[in-house]
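Now, the feature entries from TrEMBL:
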- A:7-29: transmembrane segment (TRANSMEM)
- A:53-261: domain 'ABC transmembrane type-1' (DOMAIN)
- A:55-79: transmembrane segment (TRANSMEM)
- A:91-114: transmembrane segment (TRANSMEM)
- A:126-150: transmembrane segment (TRANSMEM)
- A:186-204: transmembrane segment (TRANSMEM)
- A:239-260: transmembrane segment (TRANSMEM)
Amino acid sequence: MGKPLKWTFRVVVVVYMFLLVAWPVFLVAKNAFADGFADISAILTDPDTAHALRLTVIVGVQAVIINTIFGVGISLLLVRYDFPGKRLLSALLDMPLSVSPIVVGLALVLVYNGRTGWFGPALESVGYQVIFATPGMVMATVFVALPLVIREVVPVLEEVGDEQEQAARSLGAGPVQTFRRITLPAIKWGVIYGVVLSLARSLGEFGAVKVVSGNVLGETRTATLVVEEKYLNFDKGGAYATAFLLALIAIACIVVVSIIRPKEQVK
Amino acid sequence: MTTATIAPGPAAPPARRKARGGRRLNRASGLGLGVAMLWFSLLVLIPLIAVIVTAGEGGWGAFWDSVTNAQTAASIRLTVGTALLVTVVNVFMGTLIAWVLVRDRFWGQRVIEVLIDVPFALPTIVAGLVLLSLYGRDSPLGIDIANTRPAVFLAFLFVTLPFVVRTVQPVLAELDREVEEAAASLGASRFTTFRRIILPSLTPAIAAGAALSFARGVSEYGSLVLLSGNLPMRTEVTSVRILSSIENDNLESAAATAAILLVISFIVIVTVDALQRWVVRRG
């Protein structure tokens, strides 16, 4: 490639990334520390915000656990077994990535709300509230992050093949032993990336949780909802500080992934 | 590092999720599949079907009335139009960024590699705040586009950034450089080599990335809340419109508009799937 063209491309890309991502993200960090640590410590000591942060972690961790178990299981089924409708299922599993979070929330409300939902009234009559409560928030979060573990694990499973598993089985290992001793170590990194990405996505979910949670202060308000509420109530310092914490977690997640991944490729 | 993909979109060579002569289901795996399908149905399929059913409950007339309501129609036009525009920008910029990341080596490239994934990992509400701090009222650049249509464009541009880059990058990395050298040695200009040799191999990946970025744009909500002002008829996108119907307890009208979005994302999924199969068939 000619030198002038190469430099033009380089400069265009760097400027574009700087104006679209790097500078704006830097400004949020700067605004969060506009008054030193005052805003950060204010949100950490405010009981409602602290509750929101705790709730975000609780919901996020539950969603990640569910998605990891489901994701690894369904990946094994998709790669290692044949069954009718497999291709359709595989395409449908990607659906959550392109559905609007508001539509996700609406869909869950239509089925699980306690008044007019398809299943909601029955569930509530046995004392199980989904919408405007933690279970609904977990479901919404699981929905939006659903494909992430699967997308990471399926290619790894296909790459390692099943010769070792067959060997283990022919030597008398049971299915549990085969999974624990052969399959799991082989797909370990794929699972870890999937978990880190799901965690980033789960902690940051906003739209779907907003619809199903009812957004009640001190009860069902999560960290992302706090950002919106604080900004709209002219508490910009608090909004920037909360946003900074969320951004820090998200960026930590992608940095962790980008550091681990090449190491695994060298191996 | 060039293949480090925090991939939204089919980052790996496409259509990996293909049947490769697997085993038949036995009792344990059959049970596993049953449980997984039950959970998937309760979580995804039944709720999405509920949206379609609720949209159709009042009959075709009611459905048509709610989606052609002036405010709803304006929001759909704005959302789809802006998403298309952003997709066009992404096709060019995404391919260019992928090109620079794969074919060029310079100091700080790794930072760009990480920055590409930031919009994917950043909570959308934070993304809105992030953009507002550079392009809002207190902009150090003096550019204030908050509460205008360009703000919608900017928000879409931010959240869809990774898609084309991450689908094109692995394909570009695996291209055979010898073919390009052969073309060049036979007298093809750089532009001809790109157009005749490189571009045809990249087209399916670009198209898949474009489809994903379009779908993501159409369904965007969080980043717009603070940035676009959500002014009816002007900067209100479809997701915001659906949310206000939900808050007004008008679930039928919300479902009707949501059904339009679902149809769009379904078309996108089918397109991406068809593209990937086409690539696999071509070898």
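Placed from the backbone N, Cα and C atoms, the Cβ positions cover glycine too.
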Taking a Cβ cut-off under 8 Å, which residues six or more beyond the ends of the transmembrane segment (A:55-79) line up next to it in the same chain?
-> 86, 89-90, 93, 134, 137-138, 141-142, 145-146, 148-150, 153-154, 157-158, 183, 187, 191, 194-195, 198-199, 202-203, 209, 220-224
Which one of these stretches, A:7-29, A:186-204, A:239-260, has the most C-beta pairs shorter than 8 Å to the transmembrane segment (A:126-150)?
-> A:186-204
Could you pull out which residues elsewhere in the chain have a CB under 8 Å from any CB of the transmembrane segment (A:186-204), counting only those six or more residues past its ends?
-> 56-57, 59-61, 63-64, 67-68, 71-72, 141, 144-145, 148-153, 155-157, 160, 164, 223-224, 246, 249-250, 253-254, 256-257, 260-261, 264
Same chain, outside the transmembrane segment (A:239-260) by at least 6, Cβ under 8 Å from its Cβ: which residues?
-> 25, 28-29, 31-34, 39-40, 42-43, 49, 53, 189, 192-193, 196-197, 199-200, 203-204, 223-224, 226-228, 230-231
